[in-house]
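Notes follow the structure.
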Amino acid sequence: MKVVVGPDPSLIYRPDMGTEAAKDKGSFRNYTSGPLLDRVFATYKLMHTHQTVDFVRKKHAQFGSFSCNKMTVMEAVDMLDSLVDESDPDVDFPNSFHAFQTAEGIRKAHPDKDWFHLVGLLHDLGKVLALWGEPQWAVVGDTFPVGCRPQASVVFCDSTFQENPDLWDPRYSSELGMYQPHCGLENVLMSWGHDEYLYQMMRFNKFSLPPEAFYMIRFHSFYPWHTGGDYRQLCSQRDLDMLPWVQEFNKFDLYTKCPDLPDVDKLRPYYQELIDKYCPGVLSW
């Protein structure tokens, strides 16, 4: 049975890989017009209303024991075939193809960095949350720090946070909120979704990937930071040093509309070798 997750706002307006599409970047991630705007807005309205400090802490407690399932990485990749975003009229292939497409794009550009190839395969595996009953607004979409005032580049910032109780709590409503200047993003509570879940899961299972990989996973949907240029007041020097790596990853994290889907069966042995190297065996999810 296919579970329709339904529009993933972080995917709908991403550009194609092709050079022709790259010529008109202004038409992508367009949150002011388009046939799906109402549904995308509704998703962010729910997200920006309910993603609070209290909510995120409860989600960490709920999922932090990683007792939902026991499975290998490749089994989780296969689970993504149950998640099809039917809101995009141009794309109807399963999420697992996006995982392999991202990985292969990175492999072509960075042939000497096998860990980077694996990040491409892994990056959206946290979307298995949707199969465990989590609402879409707590799984997909752009992420942002909770516990401080949302900054200007957060999608729909001016029209979706009015009912978020943290916005009216003096502890959380200033630019810094509950944080100290340049405290470092490792000390920031991010909104809950597939990025944060997978990052914490990788730490729990002790993936032997480099720090750059963990940054890419945790912050690839943090568009207000890596693309919008906001939240610099929270960043340490280490965050700024890692930022180019996250930006490099996002060149490949594209929901392509290319009809040439990867031959997954031919690719599996290579990526299984990487899994065996960096995150082998049955893992706790």
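Any Cβ shown, glycine's included, is placed from N, Cα and C.
Automatic prediction, not curation, is the source of TrEMBL annotations.
Positions annotated as substrate binding site by TrEMBL: Arg29, Asp85, Glu86, Ser87, Lys127, Gly141, Asp142, His220, Ser221. As annotated by TrEMBL, Fe cation 1 binding site applies to His98, His123, Asp124, Asp253. The Fe cation 2 binding site annotation in TrEMBL covers His194, His220. The phosphoserine annotation in TrEMBL covers Ser33.
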By Cα-Cα distance, the member of binding-site residues Lys127, Asp142, His194, His220, Ser221 nearest His98 (Fe cation 1 binding site): Lys127
Listed binding-site residues His123, Asp124, His220, Asp253, filtered to Cα within 10 Å of Asp142 (substrate binding site): His220
Integer Å distance between the CA atoms belonging to His123 (Fe cation 1 binding site) and His194 (Fe cation 2 binding site): 9
Listed in sequence order, residues not in His98, His123, Asp124, Asp253 with Cβ within 8 Å of the centre of the Fe cation 1 site Cβ atoms: Asn95, Ala99, Thr102, Gly120, His220
His98 (Fe cation 1 binding site) CB neighbourhood, other CB atoms within 10 A: 23
Other CB atoms, at most 10 A from the CB of His220 (Fe cation 2 binding site): 24
Residues satisfying Cβ distance under 8 Å from Asp124 (Fe cation 1 binding site), sequence separation of at least 6: Leu80, Asn95, His98, Ala99, His194
Separation of alpha carbons, His123 (Fe cation 1 binding site) and Ser221 (substrate binding site) (Å): 10
Inter-residue C-alpha distance, His123 (Fe cation 1 binding site) and His220 (Fe cation 2 binding site) (nearest angstrom): 8
Rounded to the nearest Å - Cα separation of Lys127 (substrate binding site) and His220 (Fe cation 2 binding site): 14
